[in-house]
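K.L.:
Below is one structure. I have some questions about it.
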Amino acid sequence: MTENVCTQCGNKHIVINRKYNGQKLCSHCFKESIEKQVLKTIKKQKLITKNDKVLVGLSGGKDSVALLKILNILKEKNIIELEAVTIDEGIGGYREEGIRIAKQTAEKLGVKHHIVSFKDKYNFTIDDIMEYQKTVDKPQHACTYCGVFRRQIFNQVAREIKATKLATGHNLDDETQSIMMNYLEGNINNMVRIGYKTESSDERFTQKIKPLRKIPEKEIGLYVVESGFEVHFDGCPYAHESFRMEIGDFIRDATLKHPTIMYSTLNGFEKIRPAIKEQYLKQQTGKPNGTCKKCGEPASQDICKACKFLEEIQQQLGV
Ligand code: SF4
Ligand code: ZN
């Protein structure tokens, strides 16, 4: 029978038993292993270079709190500059708590923090949009709108503060879900964009990076708790309606019997990604890297998606 002690240091208080690689770790060795793994990913995938100014999308959820804490190691070593931005989409009963924790985390780490709300910027909230959607025949999903406006705000803040990288807390579960979702939907366009970092030749886009991409969601939650940071585990009330949620449940179930399945999905995808990308990009040549005529943001058509949605919502809500 194997002993129930930390496989690194022999400490008897283990906090995790990693079924996928047989490691049992105490709190100290576990936290160290997470930090090492993330910093190794950053180095290997060339996500950050010295003197980068990194902006973290800080929702106050466990992923972004963990990300800020780990990137703060690089800030403290004077390798990077670090700031954080929280977006208040106006989701009652959910976002308030995230904002409180985001503020508290940034303060604790001494990181400059920006908060931008949909209400201030667009004069409506996601709750307003969804109230209206209840009255139509074919209601749209909240994430369809939310994602587009969030992206626009992230890009704008990154440009305003002259950030060179925009870091998000996507974890292994998120990435596996994205791969499966896009595959099942046949959405190759989105699939080729899944990666450690975005690759755009357009300088108006700040490069997006995902340093937590190889860390399972459960371990990120444990890392935050073991690090003594507060975290809210509640999910967005609109998320349960999504296809992503269904896929997430399926993968979580499969992981119980097959502990390595998320790693094999990600690793397998990384192997075929260059081939899909090459083949796909051949078909995409000639696609213009244009500018939205309304807002001046980068767009593939005359009017960007955010401006199209904005017009539609302003008409519907009369704002
Ligand atoms: Fe917005 Fe959807 Fe995320 Fe909720 S789950 S915050 S609606 S993108
Ligand atoms: Zn626009």
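Heads up, the Cβ atoms here are built off N, Cα and C, so glycines get one too.
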K.L.:
Of Ile34, Ile79, Ile80, Ile87, which one shares the ATP site with Gly57, Leu58, Ser59, Asp63, Gly169, Asp174 in TrEMBL?
P.N.:
Ile87
K.L.:
Determine the most Cβ-crowded residue among the binding-site residues Leu58, Ile87, Cys292, Cys304, using a 10 Å radius around each Cβ and all protein chains in the structure.
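P.N.:
Neighbour-count leader: Leu58.
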K.L.:
For Cys29 (Zn(2+) 1 binding site), identify the closest of the binding-site residues Ile87, Gly169, Asp174, judging by Cα separation.
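P.N.:
Closest recorded candidate to Cys29 (Zn(2+) 1 binding site) by Cα: Gly169.
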K.L.:
If you count Cβ atoms within 10 Å of the Cβ of Asp63 (ATP binding site), leaving out that atom itself, what do you get?
P.N.:
25
K.L.:
Does anything in the same chain, at least 6 positions from Ser59 (ATP binding site), have a Cβ under 8 Å from its Cβ, and if so what?
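P.N.:
Ser59 (ATP binding site) has long-range Cβ partners Thr86, Ile87, Gly98, Ala102, Gly169.
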K.L.:
What is the Cβ neighbour count of Cys29 (Zn(2+) 1 binding site) at a 10 Å cut-off, with all protein chains included?
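P.N.:
Cys29 (Zn(2+) 1 binding site): 20 neighbouring Cβ atoms within 10 Å.
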K.L.:
Gly169 (ATP binding site) has how many other Cβ neighbours within 10 Å of its own Cβ?
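P.N.:
Around Gly169 (ATP binding site), other Cβ atoms within 10 Å: 25.
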K.L.:
What is the separation, in Å, between the Cα atoms of Cys292 (Zn(2+) 2 binding site) and Cys26 (Zn(2+) 1 binding site)?
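P.N.:
Cα to Cα, Cys292 (Zn(2+) 2 binding site) and Cys26 (Zn(2+) 1 binding site) are separated by 52 Å.
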